[in-house]
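The next block holds one structure in the form of structure tokens; read it before the comments.
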Amino acid sequence: MENYLQGCRAALQESRPIHVVLGNEACDLDSMVSALALAFYLAKTTEAEEVFVPVLNIKRSELPLRGDNVFFLQKIHIPESVLIFRDEIDLHALHQAGQLTLILVDHHVLPKSDAALEEAVAEVLDHRPIDQRHCPPCHVSVELVGSCATLVAERILQGAPEILDRQTAALLHGTILLDCVNMDLKIGKATLKDSHYVEKLEALFPDLPSRNDIFDSLQKAKFDVSGLTTEQMLRKDQKTISRQGTKVAISAIYMDMEAFLQRSGLLADLRAFCQAHSYDALVAMTIFFNTYNEPVRQLAVFCPHAALRMTICGILEHSHSPPLKLTPVPSSHPDLQAYLQGNTQISRKKVLPLLQEALSAYFDSTNIPLGQPETEGVSREQVDKELDRAGNSLLSGLSQDEEEPPLPPTPMNSLVDECPLDQGLPKFSAEVIFEKCSQISLSEPTTASLSKK
């Protein structure tokens with residue numbers, strides 16, 4: 001693997017068509033390893049002299065924010081210097097020159113900034129449900145497993161097992177274990193395919209580290225934020241939503257909320273972070289594991305705009321689908337509201353739609369401008385009235401299917417983004433039940449006549 005990666009960097013100096021294997025913008029361990037291993041496989045199995053280059057979809061300066069990535073690269077003895085990052089290759093220039101073919105791994109929707117590259121996408125390999133509205137018109141291979149690295153391991157072991165070296169096997173093995181929470185049946189993130197390929201890798205390379213050792217090491221590295229500034233912690237695992245120019249950042253924080261709130265100069269850091277990136281609000285969702293290795297979740301909303309902050313807090317506090325079961329924590333600062341989250345199965349993935357609806361409800365119910373943090377002439381009673389209208393607008397706008405999704409969730413590759421089987425069983429409408437009963441009643445006479453014969 002290391003020799004291959006060194007060759008990739010050299011290939012970029014040549015003016016020739018290249019195939020770029022591109023991971024997602026989060027560049028978590030699964031995305032990074034899947035891109036590296038899939039590009040390695042394609043380069044080794046393609047007869048023509050084509051160049052396959054894995055690209056990590058972040059700036060090089062952002063890699064230190066991903067502690068598990070840095071730790072694993074060091075453990076596997078892959079120097080960071082041989083990796084290629086998004087700010088080191090101009091994909092748009094290559095595309096305009098007709099020299100780019102894209103292969104997307106661990107995602108299938110390009111961001112708006114890369115929309116022009118969609119016509120260069122030749123293949124997709126992903127492990128999450130397809131968004132048909134934005135999926136590129138190309139060969140798409142999707143299977144709902146716990147880790148995308150499992151699908152890459154499958155392709156290698158089925159297509160060319162002889163090319164698999166210990167270094168690549170160790171990368172795949174550790175990544176699957178981390179994504180699938182050490183194959184813990186109680187967590188339920190690992191599918192049969194995930195388990196199968198972990199066992200296959202262990203059989204081929206018996207000297208791989210024990211499951212417990214590598215999982216514990218990777219999880220510790222992932223949750224280690226001791227050396228990060230507040231800004232780095234907020235950027236480490238962040239998503240952004242927006243509506244009508246209003247932007248809300250949602251950051252996963254890997255530590256106890258109490259410790260996070262006690263950081264020196266925190267409020268100034270939060271304000272500076274929002275101003276630097278033009279965020280109108282920031283939602284911090286903390287996750288850590290207690291002494292019983294159970295996940296603990298907490299949540300905080302920082303927003304200098306009173307009406308927007310109260311709308312967001314009200315929607316989150318009163319949400320029943322999903323129920324966050326929030327308990328407010330007293331705060332001495334009016335711009336910040338923290339909560340204990342009683343329902344630990346509700347991850348950021350489930351909170352994002354609530355925040356989208358909160359923004360919609362806010363704009364539907366009030367014309368209060370966001371130009372200033374506090375709007376003069378707006379009383380608390382007026383804000384409360386607007387909040388009630390926003391909440392009613394949201395609740396009335398939710399369809400039955402939105403309140404209770406019809407299928408259990410797909411296992412994802414991070415505890416931050418998904419927990420297993422927390423949406424309940426499929427729900428039938430009255431029309432569906434009536435149709436089923438009608439079909440049964442129509443079939444009964446036929447069945448009866450046949451029995452008489």
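Numbering starts at 1 and runs along the chain as it is shown here.
Glycine too: its Cβ is placed from the backbone N, Cα and C atoms.
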(message) If I go by Swiss-Prot, which of Asp30, Asp256, Asp269 binds Mn(2+) 2 at the same site as Asp106, Asp179?
(response) Asp30
(request) Please state whether DSSP places Asp179 (Mn(2+) 2 binding site) in a helix, a strand or coil. (result) helix
(request) Please name which of the binding-site residues listed here, Asp28, Asp30, Asp179, is nearest in space to Met1 (N-acetylmethionine), Cα against Cα. (result) Asp30
(request) Quick one: pull the CA-CA distance for Asp179 (Mn(2+) 2 binding site) versus Asp106 (Mn(2+) 1 binding site), whole Å only. (result) 13
(message) What whole-number Å value do you get for the CA-CA distance of Asp106 (Mn(2+) 1 binding site) and Asp30 (Mn(2+) 2 binding site)?
(response) 8
(request) Tell me the Cβ neighbour count for Asp106 (Mn(2+) 1 binding site), meaning other Cβ atoms within 10 Å of its Cβ, over all protein chains shown. (result) 29
